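Lifted from TrEMBL, the feature list:
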- A:2: active site, schiff-base intermediate with DNA (ACT_SITE)
- A:2-114: domain 'Formamidopyrimidine-DNA glycosylase catalytic' (DOMAIN)
- A:3: active site, proton donor (ACT_SITE)
- A:58: active site, proton donor (ACT_SITE)
- A:93, A:111: DNA binding site (BINDING)
- A:239-273: domain 'FPG-type' (DOMAIN)
- A:263: active site, proton donor (ACT_SITE)
DNA sequence: ACTTATTCCTGCGTGC
DNA sequence: TGCACGCAGGAATAAG
């Protein structure tokens, strides 16, 4: 599933293909993904050029001429592929096709949790899907002082707190479990009970895990350019996620799982306190 | 103003 | 072998 590191990888892949390229046509094969698709608005982007592509959290912002932007979220099964137009053949769940002079951008999304929005505001970061985003985890804005301030009065469980996009963006279910394991903190801990030292450790763990995942994302980019990305490229690096009842790599005791906030959570009760 | 549950969707794994 | 069922995931929205 596309997490922050994969969205970053997709962004880099797109930059190398479609920057300064003109959209020659658009084909939309569906009325609604996560949100309804405004086909009239989409028709307005034909003949515009792609100027810049940014990532914010798990969103891609594709800047076009005329102060228009595409705001894209891949949901959990969204895949963007670039192919040569002459090689393209329709596949199941190919919902959006954007043609350039020689290449075609294909948006395929099995579960349709993703969305494509057109924004004509000059400040896309103020769009409702982005405006409540907290800090980016890989910037200096995400530091122990910031997180301590966010957690100070929170009675949420720490895992839910770090998965909340208004705290920090991009920490999904997998990375939350992994970061808490790496920082030796139980996911069930109440946020405001964390010590300064634990918060510092957690901040570093989140940054490190996302960085490693982005490095793995380089591999995904290659796959994505060839045919289809191999899912689970990061799975070899996972210490606890999906490993219930298996031995902890550190202490050999059994990894536990528990549902926290409707999400499966994995942890080691010996390594994490 | 909070927190917690529900909702969207398809494919896959499990059990009968 | 086939079918029914439940689960997985992000995050807006509804409900508490």
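Each Cβ is built from the backbone N, Cα and C atoms, and glycine gets one as well.
For the domain 'Formamidopyrimidine-DNA glycosylase catalytic' (A:2-114), the model gives a mean pLDDT of 91. Cβ neighbour count within 10 Å across all protein chains ranks A:58 highest among the active-site residues A:58, A:263. Proximity to residue A:58 (active site, proton donor), defined by a C-alpha to C-alpha distance within 10 angstroms, is shown by none of the recorded positions A:93, A:111, A:263. Fewest Cβ neighbours within 10 Å among the recorded positions A:2, A:3, A:93, A:111: this applies to A:111. Looking at residue A:111 (DNA binding site) and residue A:2 (active site, schiff-base intermediate with DNA), their Cα atoms lie 13 Å from each other.
Cα separation, residue A:93 (DNA binding site) to the residue listed as 'active site, schiff-base intermediate with DNA', rounded: 17 Å. A separation of roughly 16 Å, to the nearest angstrom, links the Cα atoms of residue A:3 (active site, proton donor) and residue A:263 (active site, proton donor).
When the Cα atoms are compared, residue A:263 (active site, proton donor) and residue A:2 (active site, schiff-base intermediate with DNA) turn out to be 17 Å apart. Following the DSSP three-state reduction, the secondary structure of residue A:263 (active site, proton donor) is strand. In the domain 'FPG-type' (A:239-273), helix, strand and coil residues by DSSP number 0 helix, 12 strand, 23 coil.
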